[in-house]
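Report on one structure; see the data block that follows.
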Amino acid sequence: MTTIVTAVLILLLLALVFGLILGFAAVRFRVEGDPIVEQIDALLPQTQCGQCGYPGCRPYAEAISNGDAINKCPPGGQSTIEALADLLDREVVPLDSEHGEEQPKTVAYIREDECIGCTKCIQACPVDAILGAAKQMHTVIVSECTGCDLCVEPCPVDCIDMLPLPVTPTNWKWPAPVSDPNLILTDRGRGHLLQGGSQ
Amino acid sequence: MALIHLSSPHVSKANATDRVMRLVLLATLPALLALTFFFGWGSLIQLCLAATSALLFEAVCLRLRKRPILFFLRDGSALVTAILLALAIPPFAPWWVVVIGSFTAIVIAKHLYGGLGNNPFNPAMVAYALLLISFPVEMTQWNAPFVLIGDSWKALASFPESLMIIFSGVNHHLIDAYTGATPLEVLKHRGGMTTEEVWRNVPVLSDGVFAWYGISAAWLMGGVFLIYRKVITWHAPFAMISILFLLSSLFYAGDPSNFADPFVHIGVGATMMCAFFIATDPVSCATSNRGKIVFGIGVGALIYIIRTWGSFPDAAAFAILLMNLAAPFIDHYTQPRSYGHRRANRGIGGGR
Amino acid sequence: MTRLYSFHGGVHPPENKRQSLGAPIRQAPLPARLILPLQQHIGKPATPLVAVGDTVLKGQKIAEPSGHVSAAIHAPSSGSITYIGLQPVPHASGLESPCIVIETDGQEQWIERQPLTDYQQLDKQALIRHIRNAGIAGLGGAGFPTDIKLNLGRDHIVNTLIINAAECEPYITADDALMRERPDEILSGIEIIAHLLQPSHILIGIEDNKPNAIKALRDAIRARKLPIDLVVVPTRYPSGGEKQLIQLLTGIEVASGSIPADVGIVCQNVGTAAAIYRAVILGEPLISRIVTLTGFALGHRQNYEVLIGTPFSVLLESAEVDRSRMFRLVMGGPMMGISIEDDRIPVIKTTNCIIAATREEMPPSPPAQPCIRCGMCEQVCPASLLPQQLFWFAKGREFDKARHHNLFDCIECGACAYVCPSNIPLVQHYRFAKSEIRNEEAEQLKAAQARERFEARQARLAREEQEKEQRRKERAEAAAREQARKKAEAEQADAGEQDPEAELKKLKTAASIARTKLKKARDALKNAQEKGLDGTDKLEATVLQLEQSAQAAEQAWQNATGVQH
């Protein structure tokens, strides 16, 4: 009888001690984590283009945290999908083509002599990157444009072009060295997976 | 104008991988000569067998993996693996032992892991360990060096006889006259005798040990040559030999009747070969200088532990394989301090 | 004698310096067109001060610095501006960038020079402004605007001035030639720098493969009795790297991410010192420099005094290039220089060497073999990095780990790629990884900015919506009040006397609407019956109901009219 009591007591004592240690650790080493939505939002490209079907990147981040698919963001492309999969511990899936294809980064340009000054594009721009006033010519602030495409549709005279950013010595990137094509014969099919993140 | 556009530097040292491998091959020459001198033609035959089969397996693997065959065959890495394996196994082991060894080394330990540069374990040692576990009899039957059976190397099996022994099996009548245990084995399974008694009574030790010392000296020569030519650095061999010497001296000093003396540990068995040719294999060992020292210490300590308390007489292969496992870990914790940093970075770092 | 320290690693590539030291510095021909890129330095590109069609004099400022880290540009010769726009420039990308093009008139007519011979009496800031106006940017290769380095004395205590005369890259002898022939210019320049920084020590670091330059400098120092230590360092690439030279001469390491001035050291190139002398004592801005023309595809290999903006092709012709043998054209040295595809590009402030190499001299590198982690790169890395690990990370795009292994401390000296037995283009791997990381960072910054703007816009829209709602509500309330008031008034009126006319009209309208509805329903019923559709019974009921209501309406109207009349 006494053995049982001792055993129970010891176990209780142990439970108490470990409980205290764990409780202390939980307070002492608390990790002030970003809420998951913030973390997801930080990975999205913030083009606010709405191609995912949500009105902006943050709503999509909220949707992802509620279990929506992670492959609905064409501007982010494969690298964003990989980063999200990494963060959320989900499977990496290819981009859902229903929402668009991954394309090189573009910037909107207004053909200024054709612009009639209707301000429709200004209202469409999610990041306020278009300047102008009614009956006055509009122009895009190139450094703020996210290339979301949303201003093209409303323009009544079709004077907005989405052009790829010009490569200058300042934004030029060193390319990855190419190995002898002979040597990567079997890797050829896998190349795009490895390289996918670059765009 | 067709000018080519490339990243700097625009010049490079004539310093190809195949040159490194050729130097390693050259450095194995003294050991090959010593083995042939003391033990007969066996090693040379094994070497030819190993080289041929290894190159063959390499070619087949490259073919299957759709890599350019000649480009990779020329780098000489298969040849180095083959030669190290051939020189590690008993000179009169049957031919299929070395062929299986080459297969294991080239196909399993190297190409299945992604070929040159991607193998986590030393191919020659993987093969050696596999052979030792699978065929313990064939792998521990060393023939006696000539000093035990006659006055000169003429007492050894002639070249045709050697061929017959290797190709027609261990049961050949010639082999019985030659085979015996190695000094390490004798010391391990001494059956109640003290170390001193063993030394006095067993001819392999009393008379034959000089053959083993000779071979170790030959490996040492090769190793010094490699250090001199800057193919390897001194760190791993030095650390390994010192720790082995230190440990064996400590125990020998404490109890000379039960432990082997430090010179046996260093001069007999695969110690020297392991120190200069295996523990310095860049692919599967630690990379930074400090890492190499840690790696060498690990190998040396493991060799002593397994030799003394384990069930195998020699332990180089196991020690190396175990430390190969630890090499990435060692690398993470022995990064050198970079210029302009107060402390070296530790740990894996950089995300998950 | 000063104690010498050492740096980790380093290599000994073949020097190939002797070939270009056979003859003294020669004046390069005046080209018909001078092309002056607006960005020849680190920092922001300069802003043009001239327009197409303007005539300029030699030494006239044609572009001024924009922002703190920037440098002015001067016309290297007299002539007229013919074009301002994109031109190929010396850059690793081979891309074009804005340039000013001057058509020279051959007059070489100088603008009035403004020397400051009495600089010691001047305010230091005025002197620094003068140097900034002369457009001087580090001539050693990096092109950092010199005036910023000279202005450091204000917030840093500078105790050591190091003059970099190591010139460790193979082939290049521009500094060597300058030291042999114009040691006094260099020393005068050093005096000016020392006047500005007031260091307690002045060291000149020079590699021991330049005995003539060492002698010339030593004699000049002795003749002038200057307190300068000439320290001869062993020849080992890259001893001329700023951080390596500092470590060699002082044993001090410049912490990662900080500048030498943080440890009390300022480093200047000998060429820069000479340029400062010319700017201050002679009043000549930086319009020319010494360029080594070498490589076995050239007939004459020697140093030239070249006007900045001179196209490479002019220099190559002048050095009797054999174009059939020229295989690789490199600006800078063989270890760190950039390869040039288009020989129309101009000499800029940082062009110290042009190598026209033959195929035998700089053969194409053989295909890369797998890395066997031999560690040779690690042994030679002057920054004590682990190049082989960085290579794996760069190749596998594990940029976080590459950063953790101090990728950004790599100075791209090329020692690792030089010794690599597997011929792996290591430096390019690192450059690729670095630009990917920088790009990623820029994108993140841009994304953060976009998010901010998006959120601001959302907030603004919400606010506007709210305001609109508020106004609508207010209007509705006002309207409701108005209506209530009207209603009250109407009721008051009602109480007094009903308006019979209006009542009649209402009834009439109601009756006619009922009739129309009835007619429509009947038509529909008829139509449905003719076509034999289902649900006619429902329609019939409707018609019936409508008939009743029409009759009721009619009745009401007739009653009303009856009452009236």
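Cβ coordinates are placed from backbone N, Cα and C, and glycine is handled just like the others.
What TrEMBL records for C:1-21 (among others) is region 'Disordered'. Counting same-chain residues at least six beyond the ends of the region 'Disordered' (C:1-21), those with a Cβ under 8 angstroms from any Cβ of the stretch are 170-173, 176-177, 203, 209, 229, 231, 233, 235-239, 244, 247-251, 292-294, 301-303, 334-335, 379-384, 415, 418-419.
Using a Cβ-Cβ cut-off under 8 Å and counting only residues 6 or more beyond its ends in the same chain, the domain '4Fe-4S ferredoxin-type' (C:362-391) has close neighbours at 7-11, 238, 241, 243-244, 327-328, 330, 334, 355, 402, 405-407, 409-411, 413, 415-426, 429-430, 433. The domain '4Fe-4S ferredoxin-type' annotation in TrEMBL covers C:362-391 (among others).
For C:C377 ([4Fe-4S] cluster 1 binding site), the count of additional Cβ atoms within 10 Å of its Cβ stands at 28 [all protein chains shown]. Positions annotated as [4Fe-4S] cluster 1 binding site by TrEMBL: C:C371, C:C374, C:C377, C:C420.
The feature [4Fe-4S] cluster 2 binding site is assigned by TrEMBL to C:C381, C:C410, C:C413, C:C416. For C:C410 ([4Fe-4S] cluster 2 binding site), the number of other Cβ atoms no farther than 10 Å from its own Cβ, over all displayed protein chains, is 24.
The domain '4Fe-4S ferredoxin-type' annotation in TrEMBL covers C:401-430 (among others). Under DSSP, residues within the domain '4Fe-4S ferredoxin-type' (C:401-430) fall into helix, strand and coil as 17 helix, 0 strand, 13 coil.
Same-chain residues lying 6+ beyond the ends of the compositional bias 'Basic and acidic residues' (C:459-490) with a Cβ under 8 Å from its Cβ atoms: none. Residues or ranges marked as compositional bias 'Basic and acidic residues' in TrEMBL: C:459-490 (among others).
Sequence annotations record features per position, and here TrEMBL assigns region 'Disordered' to C:459-510 (among others).
Residues or ranges marked as compositional bias 'Acidic residues' in TrEMBL: C:491-501.
According to TrEMBL, the feature region 'Disordered' maps to C:516-535 (among others). Non-local neighbours of the region 'Disordered' (C:516-535) in the same chain are 542-543, 546-547, 550; each lies 6+ residues outside the stretch with a CB under 8 Å from one of its CB atoms.
Taking DSSP states H, G and I as helix and E and B as strand, the compositional bias 'Basic and acidic residues' (C:521-535) has 11 helix, 0 strand, 4 coil. Per TrEMBL, the feature compositional bias 'Basic and acidic residues' maps to C:521-535 (among others).
Sequence-remote contacts of a segment are chain residues at least 6 beyond its ends whose Cβ falls under 8 Å from one of its Cβ atoms, and for the domain '4Fe-4S ferredoxin-type' (C:401-430) they are 9-11, 13, 237-238, 241, 243, 256, 335-336, 365-372, 374, 376-377, 379-383, 385-387, 389-391, 393-395, 437. A Cα-Cα distance of 16 Å separates C:C410 ([4Fe-4S] cluster 2 binding site) from C:C420 ([4Fe-4S] cluster 1 binding site). In the predicted model, residues of the domain '4Fe-4S ferredoxin-type' (C:362-391) average a pLDDT of 86. Between the CA atoms of C:C374 ([4Fe-4S] cluster 1 binding site) and C:C413 ([4Fe-4S] cluster 2 binding site) there is a gap of 19 Å, rounded to the nearest whole number. Ranked by how many other Cβ atoms sit within 10 Å of their Cβ, the binding-site residues C:C371, C:C413, C:C416 place C:C371 at the bottom. Between the alpha carbons (Cα) of C:C416 ([4Fe-4S] cluster 2 binding site) and C:C377 ([4Fe-4S] cluster 1 binding site) lies a span of roughly 4 Å. Counting only same-chain residues six or more apart in sequence, the Cβ atoms lying under 8 angstroms from the Cβ of C:C381 ([4Fe-4S] cluster 2 binding site) belong to C:H8, C:G9, C:P387, C:A415, C:C416. Reduced to three states, the DSSP call for C:C381 ([4Fe-4S] cluster 2 binding site) is coil. Shown are the binding-site residues C:C374, C:C420; the one with the most C-beta atoms within 10 angstroms of its own C-beta is C:C420. Contact annotation for chain B: of the listed binding-site residues (C:C377, C:C381, C:C410, C:C416), none places its CB atom under 8 A from a CB atom of that chain. Within 10 Å of C:C413 ([4Fe-4S] cluster 2 binding site), judged by CA to CA distance, lies none of the binding-site residues C:C371, C:C377, C:C420. In sequence order, C:I372, C:R373, C:G375, C:M376, C:P387, C:Q388, C:F391, C:C416, C:V419, C:P421, C:S422, C:I424, C:L426 are the residues of the same chain, not among C:C371, C:C374, C:C377, C:C420, whose CB sits within 8 A of the CB centroid for the [4Fe-4S] cluster 1 site.
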